[in-house]
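Chemist: Structure in structure tokens, see below.
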Amino acid sequence: MATGVAAWLPFARAAAIGWMPVANCPMPIAPKDSNSKRKDELIVLNVSGHRFQTWRTTLDRFPDTLLGSSEKDFFYNEDIKEYFFDRDPDAFRSILNFYRTGKLHYPRHECISAYDEELTFFGIIPEIIGDCCYEEYKDRKRENLERLQDDQEENKDMKLPNMNCRETMWRAFENPHTSTMALVFYYVTGFFIAISVITNVIETVPCGSTANQKDMPCGERYTVAFFCMDTACVMIFTVEYLLRLFAAPSRYRFMRSVMSIIDVVAILPYYIGLVMSNNEDVSGAFVTLRVFRVFRIFKFSRHSQGLRILGYTLKSCASELGFLLFSLTMAIIIFATVMFYAEKGSSSSKFTSIPASFWYTIVTMTTLGYGDMVPKTIAGKIFGSICSLSGVLVIALPVPVIVSNFSRIYHQNQRADKRRAQKKARLARIRISKSSSANTFLHNKCNGLLNELLELTDTEEDEQKLNKSTSLLESQHHHLLNCLEKTTAHEFVDEQIYEQNSLDTAVQNYHSRSPSLNSNDDGSVGTCCGCRTKRNTPLPNASMPCSDPVPTQQRPLQELSAIHIGSGESQTTSRSKLNLKTNDNVRINCKGGRITTAIISLPSPPALNLDADSLRGPPQRRPPPPPGHPAAPSIQTTASSAVTNIFKVSAL
Amino acid sequence: MGLDGMEVIAIAVVIGLFVVVLKQFGVWEPLSLEDSCEGDLELSMVRHQPEGLDQLQAQTQFTRKELQSLYRGFKNECPSGLVDEETFKSIYSQFFPQGDATTYAHFLFNAFDMDRSGSIRFEDFVIGLSVLLRGSVTEKLRWAFNLYDINKDGYVTKEEMMAIMTSIYDMMGRYTLPSVRDDSPYEHVERFFQKMDRNRDGVVTIDEFIETCQKDENIMASMQLFENVI
């Protein structure tokens, strides 16, 4: 139904009386309008304190939206007799205007995603935005989508733990900043591209005359040296191409891509030259092939983002470029014909044919004006001046379109770079704020269990001290996490304690390997990121954001592979992921952490049986230190890495 | 000095460019500028204010509040206060998407536009609605007769009825069950005239029409159908 003309429906129905005398059969009964007694009344819409008033019939014009249907009754507040919406009043203005005028406008100062959300909330599809605002809306939406796509693509760069050699290599090729090897490779290839190009250029420079001959180019004078240089470069490029081909996830697609074609074209001339170096007949073709060596300079586009942007711009402006070309061709042909016929009369004119006049037209229209062909007749001069004036126009028209396209893409790229640079800091800050909530959970667990211990030892003052007032929301959240722990019979722990426990269990189970383990541990710490050394020392309060999340993931992996805990390696990898999510940079307010190893050595539950559910319960709360353990455990360490313990215990 | 062919063309081109430049300065053909100004003035004058609320209340059967509500809806749809035929046709067509309602809308427009001004003012609109919704049966029948009488001469001929019937069947569109045959309107008109035309003179007068309709139960019942539309 045409909702926009709902206001005219009563009229259309009344006009139906005109059919009645003509009809031969009785009419159906009209639907009863139970609300007919409810005369048109004013409705108050309270949007975050701003009161909007309108007639009820205005809202009823669009019955498939929130305000036009009975859905708004959910928002009716009996006390104030108003419909209350907890939304943005500025955006609501344009939405209410839609009901009033039937046209939806997009306010330009509004953020596109905020506006979209408002529209979705009120049940209005954005497609009915009026023509006046629709293009702007679509442009902004597209811009936003591109931005989101950029972010998504960066997320894909996160290293998955299970990448094999081939995928690692491909990632290193595509994104040189991922590892030092990739960076080295990147710079080396760049250097050799530059060397190759410079060599090609210098080859042709006259090098000074020898005794017997005149100036000859350097290439012929120092043939061997240049040949060696060329060979070295080509070898590097060949190796690089083959490695890329090997590492590519889809070899066929890689071979069809532009960059690989450039690579092939860059190195082929050399090989072809090798094959037919001594054949005089084809030496002419061989010389031509050398021209293709200059394509090596295009390999720089992997190294330069600006070049890539330029190429992308030209590709996206293909239609404008095509139009430019077409209009230029038309103008050239027209003016060349005119000039030819105008200059036909004059003697010794250079305009011998129309194609010959093409050269004059092109030179004139691009305002080059070499002067090798000039018109001599008056008519020729008149037409020649018109030609040059129109040339300026024809070229100047499509150029701003191309320029604006380039500018848009360039700025977009710059924005993406800026976002990428800021992203790490942003993520780190977000992670801190998130981890503090996980922090409080573990903290509260410590305190809660500590409270229970203290209850037994009857120190009420300490208990009250530790009972910091947590908000209702927090306590409910913690209760939820607790429920999850009980459900899965696992516990959330601090990553550091978990790792230490995994180390310690290894110590317990593989006594002979302990010295090598220690060295391994140190070794693993020494390599890679300097963050690792810091992470080893438990700081009581600070949560230190390590800006590069990769090492934290790698660390448990490396150690595990060093320690060779046979059982459940995959379990631990997934566990480490869970650790990363919940408590990435957490340092809970508990010291030490060696208590749990003792639990394994003593399979029987300890004296304190606070929790009677299972074997797993009691081991978590072990105040008295078992004999024979080197480190002195402290009571506060109750957050144990129960994971390894649990499956170890069950293995026992 | 003899002029070459190309030189003639060149000189012609130069003169043409000269004229173009002159036009830019407004020196050439100054009259064209004045015409465009007047055109703009005409459009802005078209606006209409209705008569006062009291007069309308006297002329129609609507209450004050109803008139207010009606005027608000009317003014919302047509801010200039007038409905021209094209707008009317497009609005009415939206209610009958399957068929072509433009012809019938044209007849309706003429029925509402009592002073034949080419546009419906609010007064016409509300007076027509008052008859249709609040009038007596006789008044409604009179209105329907006025609709059928295209040239408003007091007689409904077969041709007029044929036109009306065709336009009504046009609103049905193509996809009907059973399909609208080409002679469906004609048969319908024949039946109508058999019923209405008492003295078999080929035209239906207002009295014949009212008399016949009052005797038909179906028609009388259907006249009351839209009593409480507003």
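Sequential numbering from 1, following the chain as shown.
Heads up, the Cβ atoms here are built off N, Cα and C, so glycines get one too.
What TrEMBL records for this protein is below:
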{"type": "TRANSMEM", "residues": "B:6-22", "note": "transmembrane segment"}
{"type": "DOMAIN", "residues": "B:100-135", "note": "domain 'EF-hand'"}
{"type": "DOMAIN", "residues": "B:136-171", "note": "domain 'EF-hand'"}
{"type": "DOMAIN", "residues": "B:184-219", "note": "domain 'EF-hand'"}
Chemist: Apart from its near flanks, which chain residues at least 6 from the ends of the domain 'EF-hand' (B:184-219) lie with a Cβ under 8 angstroms of it?
Modeler: 137-138, 141-142, 145, 154-158, 161-162, 165-166, 168-169
Chemist: Who are the chain neighbours of the domain 'EF-hand' (B:136-171) in space, where the CB to CB distance is under 8 Å and they lie at least 6 residues beyond its ends?
Modeler: 96, 99-101, 103-104, 106-108, 110-111, 128, 180, 184-186, 188-189, 192-193, 202-206, 209-210, 213-214, 220, 223-224
Chemist: Within the domain 'EF-hand' (B:100-135), count helix residues (DSSP H, G, I), strand residues (E, B) and coil residues, in that order.
Modeler: 24 helix, 3 strand, 9 coil
Chemist: Please count the residues of the domain 'EF-hand' (B:136-171) that DSSP assigns to helix (H, G, I), strand (E, B) and coil.
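Modeler: For that range the per-state counts are 26 helix, 3 strand, 7 coil.
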Chemist: For the domain 'EF-hand' (B:184-219), how many residues does DSSP put in helix, in strand and in coil?
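Modeler: Output for the domain 'EF-hand' (B:184-219) reads 26 helix, 3 strand, 7 coil.
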Chemist: Check the domain 'EF-hand' (B:184-219) for me and report the mean pLDDT.
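Modeler: Mean pLDDT across the domain 'EF-hand' (B:184-219) comes out at 86.
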